[in-house]
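So the structure is just underneath, and the comments pick up after that.
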Amino acid sequence: ASSALGAILAVLASLIIAANALVAIALLCLIQKSGSKGLYFVLNLAVADAMVGFTVLGLVTDEFSQPFYPPQIFCVLRMAFVTSSSAASILSLILVACDRHLAIRKPFHYFQLVTGLRVGVRLVGLWLVAAIIGFLPVLTPGFQKISTSRKCSFFGVFHPTYMLTVFCVGFFPALFLFIYLYCDILKIASVHAQHIREMEHAGLAGDCPPSRTTSDMKAMRTVAVLIGCFTLSWLPFFIASIVQTVCSECLSHKVIENYLWLLGLCNSLLNPLLYSYWQKDMRLQLSQLAAGVKRRVL
């Protein structure tokens with residue numbers, strides 16, 4: 001069972017790293033062409049998801065090294081890196097959604113608001129917050145507990161108080177923020193659609209650019225996909241973890257860590273795949289990269 005889980009983790013980590021590396025290369029080419037500052041948030045998401053894959057590779061070695069009795073500080077640091085990279089991925093999703101929301105709410109001031117300096121400050125702040133979330137048990141020994149497990153795991157090294165703090169302060173506010181952004185984008189899009197209908201009724205439809213509605217729909221679709229994948233991937237893990245933290249006899253932590261956590265990790269694989277599928281510019285850039293590689297090979 002340990003070898004099977006290790007093989008699954010190895011395949012999943014390899015796919016996460018490969019998919020996000022490919023998307024990162026395509027995004028760098030797009031940024032060079034368009035100069036769009038908002039693409040840096042998507043690039044940061046790909047980097048954070050790739051880091052999730054690299055941290056999972058460390059856990060693969062544990063699975064293939066059973067029996068393995070690592071030191072307490074070794075497990076705490078390893079799981080801190082896993083938690084930090086996962087937190088950076090979730091925070092990057094929020095920044096992408098906020099960027100799309102800003103582009104719809106203030107389209108005429110978007111390029112003045114999203115400058116290189118502000119993007120850099122937000123990204124630095126994101127990684128600082130992610131590091132604080134992940135390494136809080138390292139800085140606060142009270143959030144640790146003595147591990148008797150033969151491998152590193154969340155419930156083996158992190159105290160239930162820390163787990164509840166992460167869930168209640170991190171995950172659920174992020175989910176509520178996602179829902180708020182989507183509802184606000186939906187409201188703005190409905191107002192724009194009503195305005196267009198009024199213009200058409202008055203015979204002034206030619207003065208209203210159709211690209212405005214298209215931009216609204218693209219933003220709604222992007223945020224909706226991010227919310228859906230984020231919720232389906234992580235919500236079962238967080239709910240089951242809260243139940244297990246409150247009632248240790250209700251659910252087995254092995255089921256949560258071996259199955260539901262894998263589902264959460266799949267979000268780091270779905271992000272680059274879905275973003276590449278839904279964004280036309282990304283599809284074109286990836287096809288150009290594939291064509292360039294094919295020409296060099298042949």
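Each residue, glycine too, has its Cβ placed from N, Cα and C.
Remote same-chain residues near the transmembrane segment (6-31) are listed as 39-40, 42-43, 46-47, 49-50, 52-54, 56-57, 59-60, 62-64, 262, 265-266, 268-269, 271-273, 275-276, 281-282, 285-286, 288-289 (criterion: CB distance under 8 Å, separation of at least six residues from the stretch ends). Sequence annotations record features per position, and here TrEMBL assigns transmembrane segment to 6-31 (among others).
The feature domain 'G-protein coupled receptors family 1 profile' is assigned by TrEMBL to 19-275.
If you look up TrEMBL, you'll see 38-60 (among others) marked as transmembrane segment.
The transmembrane segment feature in TrEMBL is assigned to 80-98 (among others).
Feature annotation from TrEMBL assigns transmembrane segment to 119-140 (among others). Tertiary neighbourhood of the transmembrane segment (119-140): same-chain residues 37-38, 40-41, 44, 48, 76-77, 79-85, 87-88, 91-92, 95, 157-159, 162, 166, 170, selected by CB-CB distance under 8 Å and a gap of 6+ residues from either end.
Panel annotation: around the transmembrane segment (160-183), residues 83, 87, 90-91, 93-94, 97-98, 100-101, 133, 136-137, 142-143, 154, 220, 223-224, 226-227, 230-231, 234-235, 238, 241-242, 245-246 of the same chain, lying at least six beyond its termini, place a Cβ under 8 Å from a Cβ of the stretch. The transmembrane segment feature in TrEMBL is assigned to 160-183 (among others).
Long-range contacts of the transmembrane segment (219-239) within the same chain, counting only residues at least 6 positions beyond its ends with a Cβ under 8 Å from a Cβ of the stretch, are 90, 93, 96-97, 100-101, 103-104, 167, 171-172, 174-175, 178-179, 181-182, 185-186, 189, 256, 260-261, 263-264, 266-267, 270-271, 274-275, 278-279. What TrEMBL records for 219-239 (among others) is transmembrane segment.
Packing against the transmembrane segment (259-278) from elsewhere in the chain are residues 8-9, 12, 15-16, 19-20, 22-23, 26, 42, 45-46, 48-49, 52-53, 56, 86, 89, 93, 154, 221-222, 225-226, 229-230, 233-234, 236-237, 240-241, 286: each is 6 or more residues past its ends and has a CB under 8 Å from a CB in it. TrEMBL lists 259-278 (among others) with the feature transmembrane segment.
Mean model confidence for the domain 'G-protein coupled receptors family 1 profile' (19-275) is a pLDDT of 81. Within the chain, the transmembrane segment (38-60) has long-range Cβ neighbours (under 8 A, six or more residues past its boundaries) at 6, 9-10, 12-17, 20-21, 23-24, 27-28, 30-31, 78, 81-82, 85-86, 88-89, 91-93, 95-96, 99, 103, 114, 119, 122-123, 126, 130, 151-152, 265, 268-269, 271-272, 275.
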